Amino acid sequence: LRQPIPVPQTLTSLLPSSHSYRGLTLVLTFLSYTSYHLSRKPISIVKSQLHPNCSALGPNPHNDSNSTTWCSWAPFDGDNYKELFGALDNAFLVAYAIGMFISGIFGERLPLRYYLSGGMVLSGLFTALFGLGYFWDIHVLWYFIVVQVCNGLVQTTGWPAVVACVGNWFGKGKRGLIMGIWNSHTSVGNILGSLIAGAWVSSAWGLSFVVPGIIITTVGIICFFFLVEYPEDVDCSPPLHHVMTTSEKDPEAVTSNEGPHSLSGQGSVDHSNSPKEPAEEPEAISFLGALRIPGVVEFSLCLLFAKLVSYTFLYWLPLYIVNVAHFGAKEAGDLSTLFDVGGILGGIFAGLISDYTGGRATTCCVMLVLAAPMLFLYNHVGQNGIGTSIAMLIICGALVNGPYALITTAVSADLGTHESLKGNAKALSTVTAIIDGTGSVGAALGPLLAGLISPTGWNNVFYMLIAADVLACLLLARVVIKEARGWCGPMARQRGYVVT
């Protein structure tokens with residue numbers, strides 16, 4: 001039996017219908033994951049300040065030293081600074097990847113509101129601790145590594161929780177478009193994180209972490225008081241994928257007109273003070289049970305390579321712009337936000353097309369195929385002028401982040417409420433964690449490989465990214481063929497052919 005989580009009475013009086021609760025859920029989960037990404041972005045902006053070009057700043061004010069790295073922040077002042085930056089990235093990303101597989105299991109068994117809020121407060125703490133290293137004058141690598149590991153672990157509370165909350169409130173319908181728009185929180189967070197970090201990167205880079213830490217903590221506290229996990233907790237009718245379980249017990253309990261293509265539903269809210277019977281919930285799915293859901297393995301492996309490309313850009317694009325285009329740290333950070341602007345457009349476009357065609361895998365494959373040559377062109381002609389750079393960054397951002405956004409949102413929600421589960425929606429958080437956890441392995445590998453390969457030249461980094469895009473596309477081949485057969489079947493029957 002699942003005990004409903006208490007909801008503040010002031011909230012139930014202000015929100016009289018399920019439409020209002022759905023809107024509130026979208027806004028709060030959007031702000032939550034915006035703040036998660038906002039707190040991850042500063043490290044990519046600050047890198048160029050931890051090891052800047054000291055000769056461009058004038059003569060060395062320390063007369064007792066002729067070092068060309070007098071302005072760098074130890075321990076990142078050596079020739080191996082790129083490898084150390086890669087170690088910082090991987091301290092976070094490897095911990096995130098490992099923790100994600102565990103996080104989904106906890107997310108199915110703990111109250112999502114408490115789980116999400118606690119994770120955000122702890123994320124704010126560890127993000128701020130990284131920045132406090134500046135004010136405390138810490139120059140020990142292991143301090144920054146440990147903080148990154150702890151931050152990576154606690155940030156795994158975010159994605160399974162927010163996707164599960166949205167999945168609990170929204171049926172299948174136009175899920176791709178809704179979640180494509182909603183998933184822009186990733187890019188919005190990256191943009192805001194870049195702008196906030198850029199404001200202090202040249203003066204006091206510690207504030208580039210402390211301020212995002214305060215923001216994510218504040219949003220976590222707001223979610224603790226106002227987020228509603230399940231429609232049933234406020235007497236709203238559940239969406240379509242919950243109906244089977246509920247109607248089997250009480251056919252009169254389902255009053256919603258929501259169907260497969262409805263987004264809003266017509267659930268009512270009862271504000272009576274009568275005690276509510278605990279809802280009987282099916283058992284949470286096991287890890288192996290989630291892997292048996294058709295499509296989970298293919299999309300998970302595809303996301304591994306798609307996220308490898310996306311996170312390499314997330315962590316290394318500003319430094320690439322500084323090295324290749326010779327911009328300052330703030331200008332490079334501002335320019336890198338255009339990649340995330342493209343990501344917003346790509347996520348919405350991918351969701352819209354996949355809803356219209358019904359082909360999630362095909363949409364991903366087409367965008368991945370187009371991304372490979374665009375990455376090649378950006379590396380070779382993207383720095384020829386500011387106009388060319390802007391256009392190429394937006395296009396690359398759309399094609400790289402579009403499939404990533406679609407898989408982590410609409411595809412995860414579809415698979416987490418797959419028909420093979422027979423109405424059991426308790427798989428949503430676990431499936432989301434498996435898919436995003438596998439993708440996070442790629443997110444850890446990308447920046448690591450970039451750190452190891454970049455000393456040999458940026459061309460080789462881009463060849464690695466192009467190869468990852470191609471592999472991501474190939475891993476979805478079986479699902480794409482299945483979708484194509486699904487389209488050809490009705491067409492063949494209309495023409496009088498027999499489909500076997």
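The first residue you see is number 1, and the count goes up from there.
Cβ coordinates come from backbone N, Cα and C, glycine included.
For 254-272, the entry in TrEMBL reads compositional bias 'Polar residues'.
Along the domain 'Major facilitator superfamily (MFS) profile' (25-485), the predicted structure has mean pLDDT 81. Residues annotated as domain 'Major facilitator superfamily (MFS) profile' in TrEMBL: 25-485.
The region 'Disordered' annotation in TrEMBL covers 247-279.
Residues annotated as transmembrane segment in TrEMBL: 84-107 (among others).
What TrEMBL lists as transmembrane segment is 114-136 (among others). Taking Cβ pairs closer than 8 Å, the transmembrane segment (114-136) reaches residues 5, 32, 35-36, 39, 42-43, 73, 106-107, 143-144, 147-148, 150-151, 154-158, 161-162, 165, 204-210, 212-221, 223-224, 227 in its own chain, all 6 or more past its ends.
The feature transmembrane segment is assigned by TrEMBL to 142-170 (among others).
Annotation source TrEMBL lists transmembrane segment at 182-201 (among others).
According to TrEMBL, the transmembrane segment annotation covers 207-228 (among others).
The annotation transmembrane segment is assigned in TrEMBL to 296-317 (among others).
The transmembrane segment annotation in TrEMBL covers 361-378 (among others).
Under the heading transmembrane segment, TrEMBL lists 390-415 (among others).
According to TrEMBL, the feature transmembrane segment maps to 427-449 (among others). Distant neighbours of the transmembrane segment (427-449): 86, 89-90, 93-94, 96-97, 100-101, 103-105, 107-108, 112, 156, 159-161, 163-164, 167-168, 284-287, 289-291, 293, 296, 299-301, 303-312, 315-316, 404, 407-408, 411-413, 415-418, 421, 461, 464-465, 468; these residues of the same chain sit at least 6 beyond its ends, with a Cβ under 8 Å from one of its Cβ atoms.
Among the features that TrEMBL reports, transmembrane segment is placed at 461-481 (among others).
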Long-range neighbours of the transmembrane segment (182-201), counting only residues six or more past its ends (CB under 8 A): 26, 29-42, 44-46, 48-49, 166, 207-209, 211-212, 215, 314, 318, 329-330, 333-334, 336-337, 340-341, 343-344, 347-348, 351, 397, 401, 405, 408-409
